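Before we start, here is the structure in question, set down as structure tokens.
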Amino acid sequence: MNEHLRGALAVALAASLYGALSPLVRLSYEGGATFADVTLAQLGVGALFLWAFGPRRLPWQVPGGVRAVVPYALLGVVGVAGVTLLYTSALRWIPASQGLILLFQYLWIGLLLDIVFGKAQWDFRKLAAAALVLGGAALALEVWNFRPESGQLLGVVLGLLSALGYAVFLFGLARRGDSVDVWTRGRVLITSGFLTSLPILLAFFPGEVFATPLDVRNVTLLLFQGVAGQFFPPLLMAYGAPRVGATLTTLLSASELPAGTFLAVLLVGEPVGVWGWIGVAMILLGVFFSVWESTALPNASSIEDIGTEGEGRK
């Protein structure tokens, strides 16, 4: 197997693991897990594995010292904690497949942020990408059948807010560049996210903290969410992205959406109709348009930057 194929498989596997996270969260809820414990397990287990493996180096021992890692700690507070709390909460009210559709709205929000704050210009490619993602979401969610009842409206709002938070998070990461290695960056982001989430959950959801029944099923699901959501994907991205290039990385990363939707049907038994799959296809086409004519390959130093695109997901 050549390097290019190994890289492509690594990126696709990372995206598939991200996609699996949403249906696994729904399975945890069905098994009696609480919102607080699902959130803390994802971030706590992810942080534990990031500190247990990799180079034995404290964050402030990197070039640039404390000043180099403080921005990532702030991104962890806003991006990792914020997105995880919002998205995990949204999945209490809406199906995993709909949660993924809403999260993928980060694409057009990110394009808008780049235009407003990054001085990028609108063109046909960006407009087509935004229209396809929005239109695909409308079809997949079957908005004509939407009924704001049983918390569904709250779930949609939380899902859209998580997409906004994720777009801001990625925009902030891109502005920071690759001044810190992937291990240190991951440790700072996830640990700061965990330390931010813990007091919030203790203050507002005290009855849900450490309240999940500790049977084999729940423990296995919670552990896997931390490992699959916060540990392996960034490392797989860091390995695969430089071997396949930025454009193919973006396209392969979009496999999160069909993988997650398929697993939501298979594992949770969620109904996804024809309109749902058409909407998914439109969103994937929007992803293609977002990278159309983009042929830039990352240099060796961009390995960590692409690898951390997934940190703080869900």
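Note: Cβ is positioned from N, Cα and C throughout, glycine not excepted.
Just so you know, TrEMBL annotations never went through curation; they're auto-generated.
Keep in mind it's a predicted model, so treat the numbers as computed, not measured.
Marked as domain 'EamA' by TrEMBL: 6-140, 154-291. The annotation transmembrane segment is assigned in TrEMBL to 35-54, 66-87, 93-115, 127-146, 152-174, 186-207, 219-239, 246-268, 274-292.
Where in this structure would I find these features, and how exposed are they?
Per-class residue totals from DSSP over the domain 'EamA' (6-140), listed helix then strand then coil: 109 helix, 0 strand, 26 coil.
Model confidence over the domain 'EamA' (154-291) is summarised by a mean pLDDT of 88.
Nonlocal intrachain contacts for the transmembrane segment (35-54), taken as residues 6+ away from its ends with a CB within less than 8 angstroms of a stretch CB, comprise 21, 25, 28-29, 80-81, 84-85, 88-89, 92, 183, 186-187, 190-191, 193-194, 197-198, 201, 205, 208-212, 222-223, 225-227, 229-231, 314.
Beyond its flanks by at least six residues, the transmembrane segment (127-146) meets 97-98, 101-102, 104-105, 107-108, 111-112, 152, 156, 273, 275-276, 278-283, 285-287, 289-290 of its own chain at Cβ-Cβ distances under 8 Å.
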Tally the residues of the domain 'EamA' (154-291) by DSSP class, grouping H, G and I as helix, E and B as strand, and everything else as coil.
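Taking the domain 'EamA' (154-291) as a whole: 116 helix, 0 strand, 22 coil.
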Using a Cβ distance cut-off of under 8 Å, indicate which of 66-87, 152-174, 186-207 has the most pairs with the transmembrane segment (219-239).
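Top-ranked stretch among 66-87, 152-174, 186-207: 186-207.
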Does the transmembrane segment (152-174) reach the transmembrane segment (93-115), going by 3 or more CB pairs under 8 Å (6 or more apart in sequence)?
yes
Using a threshold of three or more Cβ pairs below 8 Å, and leaving out pairs closer than 6 in sequence, do the transmembrane segment (274-292) and the transmembrane segment (246-268) count as in contact?
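These two stretches do touch.
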Within the same chain, where does the transmembrane segment (186-207) have neighbours whose Cβ lies under 8 angstroms from its own Cβ atoms, ignoring anything closer than 6 residues to its ends? I mean 6 or more beyond.
34-36, 39-40, 43-44, 46-47, 50-51, 59, 69, 72-77, 79-81, 84-85, 180, 230, 234, 308, 311-312
